[in-house]
Amino acid sequence: MGWQKRIDAALITRREQDAYRSRMVNQGGGRWLTQQGQRYLNFSSNDYLGLSQHPAIIDAWQTGATRYGVGSGGSGHVTGYTDAHAALEGELAQWLGYPRALLFVSGYAANQAVVAALMQSQDRILADKLSHASLLEAAAQSPATLRRFAHNQPAALQRLLEGDCPGETLAVTEGIFSMDGDSAPLGALHALTQARGAWLMVDDAHGVGVCGEQGRGSCWQQGIQPELLVVTFGKAFGVSGAALLCSESVADYFLQFARHLIYSTSMPPAQACALRAALSCIQQGDALRDRLGRHIAQFRAGAGDLPFTLMPSQSAIQPLIVGDNAAALRVAQRLREQGFWVSAMRPPTVPPGSARLRITLTASHTDEDIARLLSALHTAAHEQEEGANE
Ligand SMILES: *Cc1c(COP(=O)(O)O)cnc(C)c1O
């Protein structure tokens, strides 16, 4: 067929499915998003506590850059591991109650690294069906067998665990699911893996900072300590990067075998400084979490009678399932015309037929913002129904 033909055909297919993705330049940050001179209230960022704009964190990054320069200069194994990185790792481990924390440049890299370094050909990965692309992709690329279990169904995991496996078993889930906003039944899942000598890996990208005492996340909130916990810093922390929390020996193992740590430049030390400041904001962030909680309650109370499916989510992620790709895009477009930035999520990011508006609420919104969004949603839904009946 030839490379160019293959690429052109793939793009045409995407367009035909209303699944074509493109980026737009955005000049905003935080509560607002500015595009082509137009300002929108931003309901699609993962900056759940508004920390990306926090003066103390910005200041810590700047001070860090003045002290350390802007780059780490190498992988952590060479020269890229500074006292700023070490201090952050120590604080994270202590905060989350683990012996060790290891920093990664992103959650994507952390998930890939953990799965790649652990899994061998006799092993199996049992992953919640809705686990993040970074986890499922790492599992699919690994020599281990990948089996997916029904979303948030411990009984489905149990059936898989009862099957024979010549090697080791790693069960994988998210704490709060990125597209549905619901929480995993972590206690039940961990009890099952423990009973079978399997390990549990929890990716708490959307829980850490937001739920649990001091923002310690889903595992803390549900009273479990999985063998492997991944937390990411691009969401509630408002920055970027990730960490793996684990035991002493597992951390030492990853320092030998996690290629993303060995062959990749570590995060800038100034970023580690910013993350330490962000951690401190999160530890003291009860007021921000209360405010976010109020917005979630307000949104759910007002969205129940929309002609879309409101998911059973208590988190900052409040998806409204529209179903059809084109309809979801139309509603998002209508909201945009009214000054609200809401993302339409379509397959393959979400299962076929479940295109949705992925609305994210943050502590930087005001009560008034939420009320205005609800009113715009009712208008857009009404117009969508009229359009469908014509
Ligand atoms: C965002 C996200 C990631 C990726 O983290 P990055 O730091 O953005 O690479 C991984 N897992 C889940 C569940 C996520 O939502």
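Cβ coordinates are placed from backbone N, Cα and C, and glycine is handled just like the others.
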### Summary
Among T66, T79, T145, T232, TrEMBL assigns to the pyridoxal 5'-phosphate site of G107, Y108, S178, H206 just T232
### Task
Check TrEMBL for me: it has R21, H132 binding substrate, so pick out which one of T349, T360, T362 it puts in that same site.
T349
### Summary
What remains of the recorded positions R21, H132, K235 once a 10 Å Cα-Cα cut-off to S178 (pyridoxal 5'-phosphate binding site) is applied is H132
### Task
Grab the substrate binding residues from the record (R21, H132, T349) and give me their largest CA-CA distance in Å.
18
### Query
Where does T232 (pyridoxal 5'-phosphate binding site) sit in DSSP terms: helix, strand, or coil?
strand
### Cα separation, T349 (substrate binding site) to G107 (pyridoxal 5'-phosphate binding site) (Å, whole number)
17
